[in-house]
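For reference, the structure I am asking about is given below.
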């Protein structure tokens with residue numbers, strides 16, 4: 001049986017209003033999807049986890065008229081709808097279809113990110129087991145790719161790595177699987193630290209190899225390698241602190257930076273690091289360098 005699917009681009013603040021309205025006009029299901037690939041972690045009880053840019057998908061039984069649904073929605077919500085799209089889709093195995101959307105991804109020469117339900121394409125490669133979802137997004141965001149590709153190209157043997165803003169732990173876990181001696185993770189979100197611990201366990205990484213801290217608990221480490229995939233503003237503000245956490249001769253990789261923000265972030269680190277040319281991917285950049 002075919003279904004009518006209506007997709008709306010919404011903000012988190014609009015979620016409850018539009019969810020209730022869709023159910024009121026007869027939707028058999030309402031789901032939320034990440035519109036950009038932003039990590040988001042397990043929510044507190046009685047809260048709805050949402051991304052800053054979210055797609056709401058409402059599913060209706062076949063034969064439902066899209067124009068009628070949209071007209072009733074505007075009446076219920078009191079105004080024009082946000083950007084939207086409707087289409088008729090054929091019935092299918094929805095769980096299988098969702099899983100099929102996420103295939104193993106290769107970063108650099110050695111590293112693969114592999115969903116748990118999929119066989120590793122190259123069993124002898126470095127395979128990081130990580131399922132897409134709340135703790136990871138799809139994994140295709142350019143900032144993540146830039147950092148993973150950089151790590152894949154480094155000699156990490158016997159290195160101590162610091163993942164500042166570790167989120168799901170993907171960068172630290174990748175570093176350990178690529179040969180790092182130890183990785184330290186820190187994040188402002190306790191739930192992110194829990195996600196990192198869970199993902200490390202899936203990859204056979206012992207707790208002592210990947211200690212995790214809130215920022216105020218972070219010891220004064222001297223890292224051989226520091227990675228920070230956060231945002232340009234915090235990277236600039238934290239430049240003195242982050243620079244101080246890298247030993248002389250140590251390496252730095254920063255991302256979460258839009259192309260137009262690259263020069264500002266680079267300038268904040270230029271006095272302490274010999275910087276490489278800025279790497280760019282799909283409007284995002286990565287800044288790397290070596291501590292003087």
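Positions of Cβ are set from backbone N, Cα and C atoms, glycine also.
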Say Swiss-Prot lists 144, 165, 229 as binding S-adenosyl-L-methionine: which of 131, 187, 207 is in the same site, per that record?
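Only hit among 131, 187, 207 in Swiss-Prot's S-adenosyl-L-methionine site, alongside 144, 165, 229: 187.
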Near residue 165 (S-adenosyl-L-methionine binding site), which residues of its own chain have a C-beta under 8 A away, given they sit six or more steps off in sequence?
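Expected: 186, 187, 188, 228, 229, 230, 234, 256.
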